[in-house]
Amino acid sequence: MQAIRLVSNLILTRLLFPETFGLMTLIMVIIQGLNNFSDVGITPAILQSKRGDDPTFLNTAYTMQAIRGVILWLGCCLLAVPAARFYDVPELAWFLPVAATTTIIFGLLPTKEETANRHLRMGRLTMVELASSAVTTITTIILAAILGSAWALVIGLVLGALIKVAMVQWLMPGPSNRFQWDRDCAAELIRFGKWILPATVVGFVISQGDKAVLARLLSLTDLGIYNIAFFLASFPMMLGIALISRVMIPIYRATAEDPTPHHLRRVRLMRIGMTGSFMLLLAVLATFGQALVGLMYDDRYTAAGELVTLIALAGIPALIGLSYDQAALAAGDSRSFFWVTLVRATLFLSLFTLGAWQAGIPGALAGQAMAATLAYPMLVRLARRHNVWDPWHDLGFAVLGLILATALLV
């Protein structure tokens, strides 16, 4: 999936100008923000609930998801003009409502995807996601070659959503969803999601706060260059988050139900393997970031090279404790998940913004790394509560990360 995105990125940067990517970054920040502000945790609820295979439960979740998609689109339409004025980008008023139709489309995404994740049936799901991503990429590239403007990315975004929903519906096994509302199922979903909702609201600050802050400080061209650097440097973290969110909740759930030494050792080895793999990728990107940008992109994106190194290094502190919060979700402890996310978001927004105002992008990224480090004790507290803390894992990778940062920056 990430390889397809990389190929798409390389081709599109040759067809479109940097400011186009800056504009799309703004659009996605707003859509993702509204998405987080209305996330009631339907996916983790299905993954952890004992009724996660009940058709009535799944249909109720599907109905809630569809209603939410329409509300999201209406919210984007209402925000289009104010956002265009706030960021002084008039084009947002036209692009945002069109791009936001993806929220309606994804609201109709079948719960077959969650069912596959719940039972760790990753083969067919991975193939469907790869196929939909490949078709979307080809479509977007053709549109970019024809239109040569941001409309290519916006239309490609909408077509990509349609392709994904159609492929999941037709190619994934399992019964189709229908609109249904069961009061007990809805109550369980809302009860679980009442802490997921505020957690995803503050989670938006962590995932998109950097771009929301920098959009006020940088031109669209510079924001586009930052986004290219972020795309490359954050690849290991995005891969890690995607993998952990799908795999670790079922594994933590099974371990909590049967906390034998075998299961605990299995979790420990999985975390070591994943953290080691992702840190190796971060090390490669941090070391060879400038060379990679020079090799893959034209002269318009040269400034992204140094940023790749800084962004990759700034991600190391967050990588070390990446899966701990999933143990809380696996246990249905969405309240603790919220408080941890709130602390992380508050630290991130405060230190990233302060660093940006004082020293530009390098200062902002230093603030990001410091925020993740200061949030670590809260993660440890949560991990110990759910019996998943591994101090030797954390210490070992922290030392490796410190050595890498020292070697590259000093």
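Every residue gets a Cβ built from N, Cα and C, even glycine.
The transmembrane segment annotation in TrEMBL covers 20-47 (among others).
Residues annotated as transmembrane segment in TrEMBL: 67-86 (among others).
As annotated by TrEMBL, transmembrane segment applies to 92-109 (among others). Outside the transmembrane segment (92-109), and at least 6 residues removed from its termini, the chain residues within Cβ reach (under 8 Å) are 23, 26-28, 30-31, 34-35, 65-70, 72-73, 76-77, 79-81, 83-84, 150-151, 154-155, 157-158, 160-162, 164-165, 168.
Taken from TrEMBL, the feature transmembrane segment applies to 130-163 (among others).
What TrEMBL records for 223-244 (among others) is transmembrane segment.
Sequence annotations record features per position, and here TrEMBL assigns transmembrane segment to 272-297 (among others). Beyond the ends of the transmembrane segment (272-297), by six or more residues, the same chain brings 10, 13, 228-229, 232-233, 235-237, 239-240, 243-244, 304-309, 312-313, 315-316, 319-320, 322-323, 393, 397, 400-401, 404, 408 to within a C-beta distance below 8 angstroms of the stretch.
Among the features that TrEMBL reports, transmembrane segment is placed at 303-324 (among others).
The transmembrane segment annotation in TrEMBL covers 336-357 (among others). Under 8 Å from some Cβ of the transmembrane segment (336-357) lie the Cβ atoms of residues 195-196, 198-200, 202-206, 209-210, 213-214, 217, 325, 328-329, 363-368, 370-372, 374-375, 378-379, 382, 385, all in the same chain and six or more residues away from its ends.
According to TrEMBL, the feature transmembrane segment maps to 363-380 (among others). Residues of the same chain lying 6 or more positions beyond the ends of the transmembrane segment (363-380) and with a Cβ under 8 Å from any Cβ of it are 210, 213-214, 310-311, 313-314, 316-318, 320-321, 324-325, 339-340, 343-344, 347-348, 350-357, 389, 394.
According to TrEMBL, the feature transmembrane segment maps to 392-409 (among others).
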Sequence-distant residues near the transmembrane segment (303-324) by C-beta distance (under 8 Å, 6 or more away from its ends) are 222, 225-226, 228-230, 232-234, 236-237, 240-241, 244, 248, 271, 274-275, 278-279, 282-283, 285-287, 289-294, 297, 361-362, 365-366, 368-369, 372-373, 376, 379-380, 382-383, 388-389, 393-394, 397-398, 401, 404-405, 408-409
Within-chain partners of the transmembrane segment (67-86) [C-beta distance under 8 Å, separation at least 6 from its ends]: 26, 30-31, 34-35, 37-38, 40, 92-94, 96-97, 99-101, 103-108
Residues sitting near the transmembrane segment (392-409): Cβ under 8 Å, six or more positions beyond its termini, same chain? 268, 271-272, 275-276, 279, 283, 286-287, 309, 313, 316-317, 319-321, 376
